Amino acid sequence: LPLLLEATLLQLASGSHHPFYNGFYYNHLMNDKGNGQEKVVYFNGARLVVETSKDPVYSSNGANVTLPCHYHYEPDLEAKRKIRIKWSKLRDDYTKEQDVLVAIGKTYMAFGDFRGRAHLRQAGRREASLVVSDVRLQDDGKYRCEVIDGLEDESDVVDLRLQGIVFPYQPPRGQYQLNFHEAERVCQEQGAILASFNQLFQAWNEGLDWCNAGWLADGTVQYPIRLPRKPCGGLHLAPGIRSYGPRHRHLHRFDAFCFSSALRGEVFYLDHPAGMTLEEAKQSCQDAGAEIARVGQLYSAWKFLGLDRCDAGWLADGSVRYPITKPRANCGPAEPGVRSFGFPSKGRFGVFCYKER
């Protein structure tokens, strides 16, 4: 019996397999000649083709964006057909999908966070483009456009990328104090979200070098190194993203890499001759019809609006920072960046405020 079982398994492993698509044997049918050659048969006599943008589509926080998707038949079918269109948001590893929108003809339904923000653009013949309004940080990622015609089902993927900035974050109590869920929360409190690997990689390409490991949105812990050095993985490792791999989301503690996009408002600086305490700073922003700025808002204003101020100011988390786009004497290092004084328990400073447009 063991020999028979082994022979059967070997035969199954080495034998030809049936074509497989989306879990059903409906798009490709085997011929019945028994020679192992595949003969493709389409139920309506034409092949359905779905096409999206091969290049990423870029947008920013609060904007409107269109993810292009078109379909056609080869050879073309003139008759009008009852088509079902489905849009889904994918994880980077394609293992899970989030329903975005389903449509039949002019009738559609959006789901979850996309309710009231997503609809189809069907301006052209056989167009199935997705329009998302009031883009949010969480919208960044890959989307699948799926077209279903009876038993035919084809799809393609388009990548939506938000123009943004990744910044490392430590809480007031110091380095490596955050489990995964706390890291998610502190990024949200700073007007940001946990960065994805792709966002961290892009930031590394743009020059981010940070020797402290931090959580990413997929539950891994990584850090970007441009200049290899002994405390950061060793001198002999090439530049790149160092990875600790997936960590326990409750037990393990690290810093966080947060991602923030362009602002819907403006960040401005307020000062007082004698400086201000944190509470006085918050009140000064309120008196100006604004609120004290968050860390993500300051980073976004520095990157996208060119905010340059060589004066330290309070932020909402109790930290004191200042943004420099044009390095100069008495304003910190020779590189542009957001400088930090940490979380002073005493002292009087100016304040950075944020106001919606």
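Quick reminder: no glycine exception, Cβ is built from N, Cα and C everywhere.
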Discussion item. Pick from Cys310, Cys353: the cysteine that TrEMBL pairs with Cys331 in a disulfide bond.
Written reply: Cys310
Item to complete: For the disulfide involving Cys211, grab the partner from Cys187, Cys232 as TrEMBL records it.
Response: Cys232
Practice prompt. Let me know the most crowded of the disulfide-bonded residues, choosing from Cys232, Cys310, Cys331 and counting other Cβ atoms within 10 Å.
Written response: Cys232
Worksheet entry | Around the Cβ of Cys211 (disulfide bond), the count of other Cβ atoms that are within 10 Å | 14
Worksheet item: Between Cys310 (disulfide bond) and Cys232 (disulfide bond), what is the CA-CA distance rounded to a whole number of Å?
Response: 30
Worksheet item: Given Cys232 (disulfide bond) and Cys331 (disulfide bond), what distance in Å do their CA atoms have, once rounded to a whole number?
Response: 27
